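The structure appears right after this line, and notes come after that.
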Amino acid sequence: LHPNQQPFHTGFLLSFEFVKVKSRQAMFSKASATLLLMLLGVSALLLAGAEGGKDRHKDPRVFDAKPSDAEHEDDDDDETESGGDDHHDDDKHGDEGDDDDHHDSKYDHESFLGREESHKFDEMSPEESKEKLTALIGKIDTNNDTKVSPEEMQAWLAAVAKGERTRAAESRFHNLKATVNAKDLDSPLTLEEYKQAIHHEIIGDEPTDKSAQETYNTQMVRDQARWLKADADGDKLLNKTEFADFLHPEEAPSMKDIVIQETMMNTDKNKDGKIDLNEFMKDLHPEYENDVKNKKKLPDWVEAEEKQFKEKLDINKDGSLDPNEVYKWIVPDDFDHSHRETKHLFKITDENKDNALTKDEILKKWETFVGHQATNYGNFGSHDEL
């Protein structure tokens with residue numbers, strides 16, 4: 001199940017954030033999943049070759065609620081994903097003042113404001129945009145000490161991200177109700193309505209081949225288990241809040257068991273209730289087990305993933321991931337990027353390095369936070385209006 005306009009992760013390998021709506025409708029068949037995984041493996045190898053193979057690539061199984069579709073580089077991707085601390089010596093952005101050359105301002109704006117609000121700022125004059133930003137600073141500074149702490153900034157960014165996902169879930173809810181011609185788009189969704197809508201999306205009204213029917217059947221098995229778990233009040237219906245949990249189980253603590261169950265079903269090949277290194281690597285590098293057995297030189301990025309498994313994910317060091325370790329792998333603490341984006345914004349804005357942002361510091365770098373009518377993305381240096 002997927003919203004129509006936004007990338008969305010369903011809990012394990014059955015979805016990938018870059019897959020568009022049409023491909024999403026058939027993504028749950030085993031053949032489709034296998035093909036996607038092969039493509040991901042090839043892409044990873046190409047990336048390793050292009051970049052010298054030193055860095056880990058993004059694991060598509062890990063829940064990643066990007067606040068924006070804009071291209072951007074994190075200051076500390078490697079440390080964050082591998083469980084490192086906040087210190088990082090490798091400054092991707094170079095000397096102070098050069099950060100904006102490598103960090104897409106649209107990403108920052110949408111992280112700070114949300115997509116819709118960011119677009120509104122883009123229509124404002126520079127003066128109005130700065131005025132609105134000044135008002136927001138007061139809302140972010142929740143303890144009213146005239147400074148914005150990292151904790152306050154991260155809380156703000158996390159709330160913005162959560163609001164974005166809530167709106168996406170509501171949009172998907174309305175789309176499903178409209179598909180079955182429901183009179184009240186806000187009334188709770190029945191399981192039959194849901195099945196009918198998904199059947200229309202995957203199979204349609206025309207005769208189709210067996211693969212589409214198998215895709216539908218596979219998705220329904222998964223989704224009925226999700227439905228029962230998301231139905232908090234047990235009335236066999238999903239209201240908008242319950243539907244959001246159904247749609248994004250990774251974001252609802254009450255859905256933890258479903259996230260683990262879905263991941264295990266796909267990755268625990270020998271069904272022993274845990275995921276060993278070979279099972280973990282197979283989806284990323286299908287020839288891993290044979291390559292190790294034959295003592296073949298592994299690509300650098302594969303070795304990095306081995307290290308990630310052994311040193312970070314396998315917390316109790318027993319050689320496999322138990323259910324709790326699986327959950328920590330699939331749903332990292334900073335899945336909404338709020339921690340990383342906070343560090344990035346402070347790196348650019350906190351001139352005196354006192355780990356707090358004053359109103360003057362924020363307004364001096366105001367174009368990092370918000371856009372305006374004259375914004376030229378990626379080239380902030382041309383404006384000197386303060």
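Backbone N, Cα and C define each Cβ position, glycine as well.
Here TrEMBL flags 51-109 as region 'Disordered'.
Among the features that TrEMBL reports, compositional bias 'Basic and acidic residues' is placed at 52-70 (among others).
Annotation comment: TrEMBL describes 71-83 as compositional bias 'Acidic residues'.
According to TrEMBL, the compositional bias 'Basic and acidic residues' annotation covers 84-109 (among others).
Annotation comment: TrEMBL describes 128-163 (among others) as domain 'EF-hand'. When DSSP labels each residue, the domain 'EF-hand' (128-163) comes out as 27 helix, 2 strand, 7 coil, counted as helix, strand and coil in that order.
For 255-290 (among others), the entry in TrEMBL reads domain 'EF-hand'. The domain 'EF-hand' (255-290): residue composition by secondary structure is 22 helix, 2 strand, 12 coil, according to DSSP.
Counting same-chain residues at least six beyond the ends of the domain 'EF-hand' (128-163), those with a Cβ under 8 angstroms from any Cβ of the stretch are 65, 67, 111-114, 121, 251, 336-339, 341-343, 345-346, 355-359, 362-363, 366, 369-372, 385.
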